[in-house]
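Notes follow once the structure below has been shown.
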C-alpha cells in the first residue's frame, strides 16, 4: 500500500482519469446531439395509452407519441398533488405528445405510470403535419369535397385523399409564389417610385419638370395597381378553392374534427409503415428540414433560410477577410522590420483572437452601423430617411464585423504558413535575380497557400458558430426575404438575415412552445455541429499535410 | 560566325527593368498599406470604444445665448415661477400677482400676456406649482379659493414651419375650488397632480388665520354623457402653531413636509381624515429653498449658507417611515435661493444669492457645474424639459443659456460604490437600467455585473483547471503516442464548438437534468476522483500477468468503462438516494437549509463554461509539457526517479509558465463568454457567490440590453464602458500569457 502510494501511481491514474473524463464528456455531448438530432426525423409510432387510476380519478385514453420518460421520487409526485401508494418510493412518468393543440389544453402532457396499461399501437392512425396548430393524431372518418363524400372505409378513399392533397399542395405553392414573388416585386417597385418622388423633392426640382416627373410616376403607379388587382383576384380564387376540401378526423375521445386539406402539409401512418417506408420517410423529413422554411414561430418546418443566411454571411466575410488578412500577414513577416514594434503589433494581433466576441459586436453596432451606416444613409439614401437603409443591422455589417473578428485567425495561420517556408527557397529566388515582389508572388505565396487555406477555413468555422456579436449587428429570428434573390442588385447587403446559431438560441429560449421546439433545436444544433466539425477537421488535415510536406523539404 | 545576343536590346531591357521595379514598388506599397490598414483598424476598436465612453467623464457646460432686461420682471411684480416649453422657443413667467406672460426665450419679446381668472373682487395671495412634467400651477386667493391652470402650447405647421401658439387651460374647470370653506386668505399653498389612475389633485394650504387645510380634488367622467363631475374631500391638520416658510405635498398624497426656520416637519397624510405628525428634523441652518426631485420622493433642502442636501423617508424594521438625510452636495458660495428639478431625471439646478448656478445630480452625488451667472442673486431658474437650456432671473436681468448635461448619472461612485437609492432602506449595489416611467431612478452599479462575471469564470475555472491541466499532463507525458494522436485532436476540435450549442444544452438539458438528479451530480463530483485512485489501487493488486496485457500509457482507456459505469449507477440510484437521505427532494432539502436554488445556476454555468474552457487550457498546457526537452526527463529517470517524481520535480517546474499562460487564456475566455451565460443562467444581477443561484455577466448584459437602448444615452455609453472593460481585461490577460509563453520558448531553446 505504501509502496503503491509512493510510486505515484494514484496520481498518474488521476491524470489518466481526467483525460478519460474529458473524452467521455466530448463523446457524450456529440452523441447526445447526434442521437436527439437524428431521431427527430424518425416517424415515431403513435401509442394508445389507456390509464385507469381510481386513486387520482384519472380515467382516460390518450393517443400520441412518447416524447420521453423519467423517474421521480414519490415525494415529489405527492407534493404535486398525486396520490401515490405508500409502498412506492419512485414512480415513472411519461411525456406524451398528444398533438391536437387547438382541441386540448396542452399538446404535451405528463402522465404517471400508475394504472397505465401497456401501450398499444393501433393500425390506421393518421399523423397529420399541419401548417398551423402543430400535429394532429387521430383516425380518419370521411373526406368531403363540396357535394362529394368518401367514407374512410371506401376502397378509393386513400387515392382520393392523395389526389386532393396533391392538388391542394399545388394551389398552396401557387399562392406562395404570387404572394412572395409577384406581389413582393410590385411592392418593391412601388417603394422605388415613392423614393423617386421623394428624391425629386430633395433635389429641388420645380415647376414643369416636377409636374411631368410626377405624372410619369403616377402612371407607373397606376399600372402597378392594376397588376396588383389582377393578382389579388387570382389569389382570392385560389383561396376559395383551397377551402373546399375537408378531412373529417376522429380523436381518441370520440370527438370528430374537420381539417381543411389546405392546412395539411403531410399525412403519415407511422403504425402501418414497414421499415423501408420508415427510412424513406426519414430521408424525406431530413430533406424537408434542410430545404424548407420555418413555420409557427420557427418551432416547425425547416431551417433553409438560416442555412442560407449563414452561408451568405460567411461567404461575404471570406471575401473581405482573406485579402486583408493575407496581405497583413505578408507585411508582418516579409516587409516589416523585425523589431520591438513589429513584435508588439504581432502580439496585439494574436491577442485580438482572445478578445470576447461580444466586444466586436459592440464595436460593429456603434462604429459600423450607427456611425458608418448612418453617414451612408445621409449621403446616398436620403430619400428613404428617416427609415434607415444601412444605418440598421444587416448582412453587410454582420459580415464586416465577423471579418474583423476572424482577421487575427487568418493572419496567425498565414504567418505560420509563411514561417514554415525555408529561407533557402527565398534566397534561391532572389539569387536568380528575381525582385522581392516576384519572389513573393511566384514562389513564397503559392507555397504558403495551404496555410492561408487553413486560416480561412478556421475563420469560416469560427464565423459560422459565432452568435453573440451577430445578435447586435444583423441577425433576426425571422427574415421575410433571403439576402440573395432575383431582384436587382441580386445580393441585398442591407437585408437582415437568419443564422443557424441564433436560430438555436431563439427557438430554444424565446419560443412560446419550448417542448415542441426542442427536437428542432437538437436537429439544428446537429446541423451546425456537423458543419463546424467538418470544417475544422479539413483545416487540421490541411495543416498536418502541410507540416509533413515542409518537414521533408527542409531536410 | 558572329554570335548574336539572345538578350533583347538595351532599351527593351531597361524598359522591362523599369516595369519590374514598378511592380516591385507597387507590391511593396500595397502590402505595406494593407498591413498598416489592418493594424489601424484593430487599433480603431480600442480608440472607438474609448471615444464612446469618454463623454461620461465630462461635467456639465453652460453657454450663454442671450441676455436681456425684461420690463415685465419688476420689483412690483416679482416672478413666482418660470418655465421653458419643450421646443425651447418660448418661456412663461407666472408672477406673484397672477400675471402670466409668455415670451420668446432668445429676445425676451412678449408673446402673450394674460391674467389668472378669479372672481372680480378676489386677489391672488399665494402660488404653488406641481411637478414640472405635468405643468400644473395653482394660485391661492384672498377668499380661500384655489385656481388650477396649466400653460398649453398648440403646434401648427403653416408653410412647413413650426409655430407654437401659447395659451392657458383650466383642466379642473374655470371655476376656482373653494379650499377654505370659511374663506380666509391662503398664505402658503402646495399642489400636486396624480399621474396614476383617475385625474386627481391634492392641495395643501395655510391660511392667514393659522389653519392647515388639505383637499383632494378628483374628477370622474361619466362614460355615457362625457360630463366630468368634481369631488372635493377636505380635511384639516390638528392645531400646529408654526409659521411655515414652505409647504410641500407629494404626488402619492401620502406625505406632507413643512419647513420652518431650520426645522423640517414630516406629516403622514395617507389617512386624509387623520393626518399625523411623524417627525421633526433640524437641518441645522435656516432653510431657504425646498423642492422635490422628479417623482416627489426626494426632497432637496437648500440653506442660508449654501448647503444642499437630499432627504427622503426610509422604512425601518418596524415598517415605519423616518425622514433620513441621504447625501449632501457641494456647497454654494451664497444662500440657496431657488432649486429647479430636472423633468425626467433625478437631477436639479440650484441658484444662490451670490449669483451662482449649480448643476447637481442626486443618484451619483455629482456636482457637475458651479458657475457664476450674475452679480446679483439668482431669483428664479428654469430648465428645459429636455435638459438643454437654462433661464435665470436675477434682478431685472434675464439670461438664456444653452446647457450640455448628458451624463450626470455616471460617476465612479455611482458605478462602483454602494448607493442609497430612493425607496431603499440602505445603500446598495443594484443594476437596474431602465423602466417604463419618467420618475424611475436608473441604478447603474457595475458591481453586480462584475461579481457575476467573476463568479461565472470562477466556477468554470474550478471545473476546467484541474481537468484541463491533469489531462494535459497525462497526454503529454504518460500517454502512448498512438493514443495521443487521437485524443489531442478530439479535445482540440471542441474548442471550435459554437458556444451557443453548449449554452443551449446547458440551459435546456443539463439544468433540468441536474435539478432532478442533484444527488447524482454530487456523487459524481466527489466520487469520480476517488474511483480513479481506487482503480489505480486495484490495478496494482492485480497479478503481473494480467497487468502485462495493458502496457503503461493505456490507463485512460481502462478507466473509460469504469467511469461510464459509475456515472450510470449514480444517475440510476439518484431517486433512491434522494428518498433515503433528503426526504424525496434534494432541492427542497436545500431550500429548507436556507439555500436558494435556481434551476439555471452557477453550477450549470461552471460545468458548461468549464467544458468550453478545458480545450483552451489543455491545448496550451499540453504543448508546453510536451516540448520540455527530452534530455531533462531522461536524465531524471536515469538517476532513478519514478515517472511521477520526474513529472513533479522536472517537467512541471519547467513547463509551469506554459501552464500558467494556458490558465490565463482560459480565464480570459471564461470572462468574455456570452452565449453560455446568457442561456444557462437566469441573468438576474445579484451579488453573491452561491453556487445554486444564477448571475448576470458583463457580456450577457451587453447582449441583452444594447439592442434596446437609445443611441448616445448614458445607458448606451455604460454598456460601451462594459465592453471596454472586457476588452482591456482580456487583452491584458492574453498579453501576459503571450509574453510568458515567448519567454518559455526562449528558455526551451537555450536548454
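Cβ from N, Cα, C; glycine included.
Because TrEMBL annotations are produced automatically, they should be read as predictions rather than curated entries.
The annotation transmembrane segment is assigned in TrEMBL to A:12-35 (among others).
Residues 140-146, 161, 164, 167-168, 171-172, 174-175, 178-179, 182-183, 186, 189-190, 193, 196-197, 200, 256-262, 264 of the same chain sit 6 or more residues outside the coiled coil (A:214-248) yet have a Cβ under 8 Å from a Cβ within it. Here TrEMBL flags A:214-248 as coiled coil.
Residues or ranges marked as transmembrane segment by TrEMBL: A:303-332 (among others).
As annotated by TrEMBL, domain 'ABC transmembrane type-1' applies to A:307-539.
TrEMBL lists A:352-374 (among others) with the feature transmembrane segment.
Sequence-distant contacts of the transmembrane segment (A:394-418) (same chain, at least 6 residues past either end, Cβ-Cβ under 8 Å): 309, 312-314, 316-317, 320-322, 324-326, 328-330, 332-334, 346, 349-353, 357, 360-361, 363-364, 368-369, 373, 444, 448-452, 454-456, 458-460, 462-463, 466, 469-470, 473-475, 483, 492-497, 546. Look at TrEMBL and you will find A:394-418 (among others) tagged as transmembrane segment.
Residues 314, 317-318, 321-322, 325-326, 330, 334, 406, 409-414, 416-418, 420-421, 425-426, 429-430, 532, 535-536, 538-539, 542-543, 545-546 of the same chain, all 6+ positions outside the transmembrane segment (A:439-461), place their C-beta atoms under 8 angstroms from a C-beta of that stretch. According to TrEMBL, the feature transmembrane segment maps to A:439-461 (among others).
According to TrEMBL, the transmembrane segment annotation covers A:520-542 (among others). Note on the transmembrane segment (A:520-542): residues 30, 33-34, 36-38, 40-41, 289-290, 298-300, 303, 306-307, 450, 453-454, 457-458, 460-461, 464-465, 500-501, 503-504, 507-508 of its chain, located 6 or more positions outside it, place their CB under 8 angstroms from a CB of the stretch.
Here the coiled coil (A:214-248) has a mean pLDDT of 88 out of 100. Same-chain residues lying 6 or more positions outside the transmembrane segment (A:352-374) and placing a CB less than 8 Å from one of its CB atoms are 388, 390-393, 397-398, 400-402, 404-405, 407-409, 412, 466, 468-473.
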